[in-house]
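The structure appears below as structure tokens.
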């Protein structure tokens, strides 16, 4: 079969008023040929192109490889970039949507009668039940830092799982609104690398934190037992004391099941954070592409129709930000509350004098003190503090990029010469300054760079209060 080439459309570079029409015709030409002959590589890779039109360059880049052939709109870009993030989420019961990787948006549906929803609902039920049992143990015994940490841990995960089920109900409509946006020009092909790297780094760090937690708990629950089975039982009774408090007998299969569920909870604990990071990467990339176009055009003689179209693109990007915010603002609120609590908790554990010195003797004279010579607790607390603090900073700084990018067009628009200034430019400036484009936590706060300083001051304040009034007593009870 002869190779089919796109129809050549020639537009004089001096006639800038037709540049948008040119781009639209090129996109329609490519989409029509790709839909009719999806297996054919349109265009000649060895041919040279002298056109400098952005739409032409985007088309030529898109037809040079199979991966770029599949990414020709915002919906396909999002699905391609979030593939492994969404798969990981469904493995831990998050976002139970059927057909989540489908190329056709009409095939993505939320179903109550599906194994994904049932799996997520069961995990949510377990997490909420664990929270209730931790609260029951607090009521029956005494308030301790460890029980408060477990209560916060399972409560945050249970709320997140429930929030992602609600997101699943909104997910098909959210992707449909993305599919209908006319923002195909603003595509960042590096988005998949960013999302995959963010997920991989956070998962690896979370698993390392979990391993150090296991070692710390083993040392805490160490008893003088000759049989490994009894040692494992002592470890489980220490790690899941809230479960055995209600009289459930110990068994080895129960311990294995609890370890598997605990690993799922550990991944769920970090999933909401790198999910928010990936959404931040995606929305910021669109706004940055628009900013690039504004900056490159400020010194050129562009007609009012050009600035009108650019302003409408900015409006569509803002509408997309609001749609995502309406869907995930509950997850953002829970993420910040959870990270704030655990930063204060682990900082308290690190600063407490109990963990500054090496233990004088091992918990059991017949057994070694541990792989880190008695410093297991302080190593775990220090690493956990660094991990949670880094996770909080990553979520805050990357997500705040949306707000930063939404304000950048103003400085470029102010640089437009007076001879090219028009009412559309004025409307664009007023729109940039008159609205706040940012993700929020249930509309209580917007994620901006100034929020980082606010949270930092809050952490220092509460940490000083905690150390002053409750430090020695709470460490002793823990």
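Glycine residues also receive a Cβ, built from the backbone N, Cα and C atoms like all the rest.
Taken from TrEMBL, the feature transmembrane segment covers 117-139 (among others).
Look at TrEMBL and you will find 145-168 (among others) tagged as transmembrane segment.
TrEMBL lists 189-208 (among others) with the feature transmembrane segment.
Cβ atoms under 8 Å from those of the transmembrane segment (260-283) belong to residues 77-78, 81-82, 85, 88-89, 91-94, 123, 126-127, 153-154, 156-157, 160-161, 164, 191, 194-195, 198-199, 202-203, 205-207, 209-210, 239, 317, 320-321, 324, 328, 331-332, 334-335, 338-339, 391, 394-395, 398-399, 401-402, 439 of the same chain, restricted to positions at least 6 beyond its ends. As annotated by TrEMBL, transmembrane segment applies to 260-283 (among others).
The feature transmembrane segment is assigned by TrEMBL to 327-348 (among others). For the transmembrane segment (327-348), same-chain residues at least 6 beyond its ends with a Cβ under 8 Å from one of its own Cβ atoms are 145, 148-149, 152, 156, 159-160, 163-164, 166-167, 170-171, 174, 269, 272-273, 275-276, 279, 381, 384-385, 388-389, 391-392, 395, 399, 439-445, 447, 455, 458-459, 462-463, 466-467, 471, 474.
The transmembrane segment annotation in TrEMBL covers 378-398 (among others).
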Checklist line | Remote residues contacting the transmembrane segment (145-168) - C-beta distance under 8 A, at least 6 residues beyond either end | finding: 89, 93-97, 110, 117, 120-121, 123-124, 127-128, 130-131, 134-135, 137-138, 242, 265, 268-269, 271-272, 327-328, 330-331, 334-335, 337-338, 341-342, 345, 348-349, 474-475, 477-478
Check: Where else in the chain does the transmembrane segment (117-139) make close Cβ contacts, counting only residues six or more beyond its ends and a cut-off under 8 Å?
Finding: 92-94, 96, 110-111, 147-148, 150-151, 154-155, 157-158, 161-162, 164-165, 168, 241-243, 245-246, 261, 264-265, 268
